[in-house]
Amino acid sequence: MSQKVLAFEKKTLTGNITVPGDKSISHRAVMFGSLAEGTTKITNFLAGEDCLSTIEAFQSMGVFIQREENTVLIESEGVNGLEEPVQPIDLGNSGTTARLLIGILAGLPYHFTLYGDDSLSKRPMDRIANPLREMGAKIDGRENGRLLPIAVRGGHLSPIDFKPPIKSAQIKSGVLLAGLLTDGVTTVEEKTKTRDHTENMLQAFGADIDVEGTTVKITGNKKLTGCDIEVPGDISSAAFFLVAAAITKGSHITIENVGLNPTRTGIIDVLKMMNVSIKVVAKRTIGGESIGDITVQASQPKATVIEGDIIPRIIDEIPVIALLATQATGQTVIKDAEELRFKETDRIESVVNTLSKLGATITGTKDGMIIEGNTQLHGGVTESYGDHRIGMMIAVASLLTDEKVELHDDECIAISYPTFFEDLHYLISN
Ligand SMILES: O=C(O)C1=C[C@@H](OP(=O)(O)O)[C@@H](O)[C@H](O)C1
Ligand SMILES: C=C(OP(=O)(O)O)C(=O)O
C-alpha cells in the first residue's frame, strides 16, 4: 500500500484548471454505447479505475471497445450481439458498475458471475436485486443474494411500476435498464429526484423514455443507436478544489467546463448557503447536460443546516463539505444522509474518525454529522480506508495544517481522479 507525506509549503490555490470527465456519465456512455447498434465515440472519458471496470465488463461480452487516453471508441452490434462471458466479471470498487450492470444482465439470455473488491463485497446489492426479482430475474449471491459475488441467470423480464424506497440513481438506473429489455412500459417513481444522466443519455441513444417530474417511464424493446458523447468535467471532483480554494487564504481559482446538471449542483448551493464567494457561468449544453465555469475565492464560510432533498445532489461531496464546516463560523448539521453508510466506506464513520484525528470537533449521528466550526486542524497520520473521496478530503485538509499529514493508501484516489495530485500541485504552484 503506498503512502504520501502531505506538507505543502505554499497553501494558496490560484489559476484555472479543468477536472477529468464525469464518472457517472462516463460509465453510462460505455454501457449504452455497448447496448447500441453502430459506433459510439466518447470524448473526455474519465479513465479512472471504476470506469475502466465498466469497459472491461463489456469487452468480456464481446463488444469492441478501444481507449486511447480519454477517447473511447465502441463498435457494437447492439444487445443481440452481446455474448456470454467466459470468466466472472470483476467490478473492482465500483458500485455504479455493479448496480447498473446487474439491471442490464438480468434481461440477457446468459449466465453471469460478478465479483468486486473487499469494499464492494460489503455493499448491499439487494436494493437492485429485489426489484429485478419482481421483474422475473434470477439473481443469487452471498447472504441470500444480498452481497457479491452474485450470479445472474438472465432471461425474459416483465415491466414493473417501481417506487424506490431509497434515494438512489443507481437503483433507478438499474431498473430502467432492465425495463429497456422488456416488452412493455416500466415506470420508476422517485420521492426525491436523483441524478438523471441515465434518462438524458438514453434519450440521446434513441430510447423511448419519458420524464415527468420525478416519474420516469421507459418503453422496452426500442433499438438504441450509437452516438457521440462529450463528457463534461466531474463536479464531484471539482468540489475538492472548490472547497480548498474557499478555505485557504488568498486563493482564487476557476474550474472550466464542469457539468452543471441541476441534479448534481448541490455543492454550489451549499457553498452559497455557507457564504463562500462563488460565481458560475453556464456556457453550453451537450447531450442534454449543461456545462460551465465555476470561480471560487477564499472566503469566511458560515455554518448551516444541510438536510432533505438536497442530499442526493451532494451525496459524494459530503466528506469535503464536512471539512469545509470545520472552518465555518458556528455549528453545521448534516441530516438525512444515512446513504453515506453504504458507500466505499461508511462515510459517516470514516469522515468523523479522520477529521477527529486532525483536530476537528465532529460527531456522527445515525443519518449525518454535527461539526463545530472555527477549528485549527493539525497534522497527523491518516488513511483513506481505500475510499477515494476520503483520500482527497485528507489532501485538502492538509492545506490547513502547520504540521505534515501522512496519508496512507493514497492510490485509491485513481478510482475517480487519477490526476488529482498533479492538479493540486499546479494550483499551488501558480
Ligand atoms: O448513479 C450514479 O452514477 C451514482 C449514484 C450515487 O450513488 P447512489 O445511487 O447509491 O446514491 C453516487 O453516490 C455514485 O457515486 C454515482
Ligand atoms: C459512491 C461512489 O461511487 P460508487 O457507488 O460507484 O462506488 C463515489 O464515487 O463516491
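From the backbone N, Cα and C atoms, a Cβ is placed for every residue, glycine too.
Those TrEMBL annotations? Automatic predictions, nothing curated.
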- line: Joining Lys23, Gly95, Arg123, Gln170, Arg389 at the phosphoenolpyruvate site recorded in TrEMBL, out of Arg67, Arg142, Arg313, Arg347, is Arg347
- request: Pop the Cα-Cα gap between Gln170 (phosphoenolpyruvate binding site) and Ser24 (3-phosphoshikimate binding site) into the table, whole Å please.
  value: 10
- prompt: Do you know which of the binding-site residues Arg28, Arg123, Arg347, Arg389 end up with C-beta under 6 Å from ligand 1?
  reply: none
Query: Is any of Gly95, Ser168, Asp316, Lys343, Arg389 (recorded positions) within Cβ reach of ligand 2, i.e. under 6 A, and which?
result: Gly95, Asp316, Lys343, Arg389
- line: In chain order, residues whose C-beta lies under 8 angstroms from the C-beta of Arg123 (phosphoenolpyruvate binding site), counting only those at least six residues away in the same chain, are Gly95, Ala98, Gly116, Leu147, Leu148, Phe342, Lys343, Glu344
- prompt: Could you tell me the C-alpha distance between Asp316 (active site, proton acceptor) and Lys23 (phosphoenolpyruvate binding site) in angstrom, no decimals?
  reply: 11
Message: For a quick check of understanding: given the listed 3-phosphoshikimate-binding residues Lys23, Ser24, Arg28, Ser168, Gln170, Asp316, Lys343, what is the maximum Cα-Cα distance in angstrom, as an integer?
response: 19
- prompt: Sequence gap of 6 or more, C-beta under 8 Å: which same-chain residues meet both conditions with respect to Arg28 (3-phosphoshikimate binding site)?
  reply: Leu100, Ser173, His197, Thr198, Met201
